[in-house]
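This report refers to the structure that appears directly beneath it.
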Amino acid sequence: MFQAFLIKYGEIGVKGKNRYVFEDALADRIRQVLKDVEGFFRISKEKGRIYVEAEGEFDYEEAVAALQRVFGIVGICPVVIVEREGFEELSSHVMSYVREMYGGQKKTFKVHTRRAHKGFPMESMEINAELGGRILDEFPEMTVDVHKPDVTIHIEIRGRIYIYSEVIPGPGGMPLGTNGRSMLLLSGGIDSPVAGYMVAKRGVYIDAVYFHAPPYTSERAKQKVVDLAKKVAAYSGPIRLHVINFTDIQMYIYDQCPHDELTIIMRRYMMRIAQQIAEDTGCLALITGESIGQVASQTVPSLAATNDVCTLPVFRPLIAFDKEDIVTIAKKIDTYEISILPYEDCCTTFVAKHPVTKPRVDVIRRSEKALADKIDEMVEAALASDEIIEVE
Ligand code: ATP
Ligand code: MG
């Protein structure tokens, strides 16, 4: 029945000159996700609207699912497009539309006409009243409610006439590419993929870094991170994943530093290395899945001690989220089932029995002095170990 979609997007931040940047980025991303959907699609922008029109047969379900992953879209309206002829022709199209969509259902409705093309012989109000009357006559179980109708039947008169009433929710957010690029510290856990998704939702391109510690962490643990990146990439677009060999640094910290401070010191080195890669690759910020109080390394003093080494902004979108709320999003974006697979990540191999929960920055800095001999060299070696995986 439908051969097109009207795409609704949020109005915030799209005023003035930015509007074109926003709309172009949205249209580009729509084009990109529809490439993988069966069918040929034409995307057009017209006076504050974006239309996706299929040429010939297409997979409706797949097209909707793809559009529901495009940030910036707030609503997807399946549209029937008819030629602009006289009122009788329009009326007959609208009657078949209503029959198909709501025939036999007890719905309240109203008709809302927008006449962008003034060539049509009747005014909007007149069209509303006349079509409303005919719908009542033809579908006696339907009644009019102009204030809170179950169904609003939109008629848009342009070069052609667009008829729609259904709005399928989109993910909201901002179109990708409208807000620069950031580096996600991606582990195999539940939180970091969700953090990446949330920042990407604000229009930010994502790259990622994973600290791998073979043989303490297995190839399967690494594959798990690649699989998670794939799930996030369905929303965020391609992710360049950097896999860094962290084993020597981890062992060295383990040998040289107090064991209750291991996690904090290790996290400081992760941040330093991630930051270096970010700077080398044009990322303007870091992203982590940290959340206050979740584990010993995420108390406020621990977060402060970790953040002490960062000069780039660190985005922690989950900082005040409860685990339950994070899990809800993880399930929605389909990362949860992968995240709970049991393969160890590099933090669990080297955790102390009683990690500090109130580290002092000056104490941690002093402990790190024990690494002075070899750490710079090791950081260089870790950076050189960078294995880049392009995740689509
Ligand atoms: P997650 O579920 O995201 O793994 P977590 O609750 O296990 O989080 P931590 O292990 O303390 O928390 O890690 C905090 C954050 O540090 C993670 O959200 C992630 O951004 C980053 N991180 C932890 N381990 C790694 C790793 N091996 N590689 C890359 N980033 C990591
Ligand atoms: Mg983790």
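Using the three backbone atoms N, Cα and C, a Cβ is placed for every residue, glycine included.
The annotation ATP binding site is assigned in TrEMBL to Leu185, Leu186, Tyr210, Phe211, Arg267, Gly289, Gln298.
Annotation comment: TrEMBL describes 61-169 as domain 'THUMP'. Secondary structure of the domain 'THUMP' (61-169) per DSSP, as helix, strand and coil residue counts: 38 helix, 33 strand, 38 coil.
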### Message
Mean pLDDT across the domain 'THUMP' (61-169), rounded to an integer, is what?
### Response
95
#### Entry: Number of Cβ atoms other than its own within 10 Å, given for Leu186 (ATP binding site)
30
### Message
Around the C-beta of Phe211 (ATP binding site), how many further C-beta atoms are within 10 angstroms, looking at every protein chain?
### Response
27
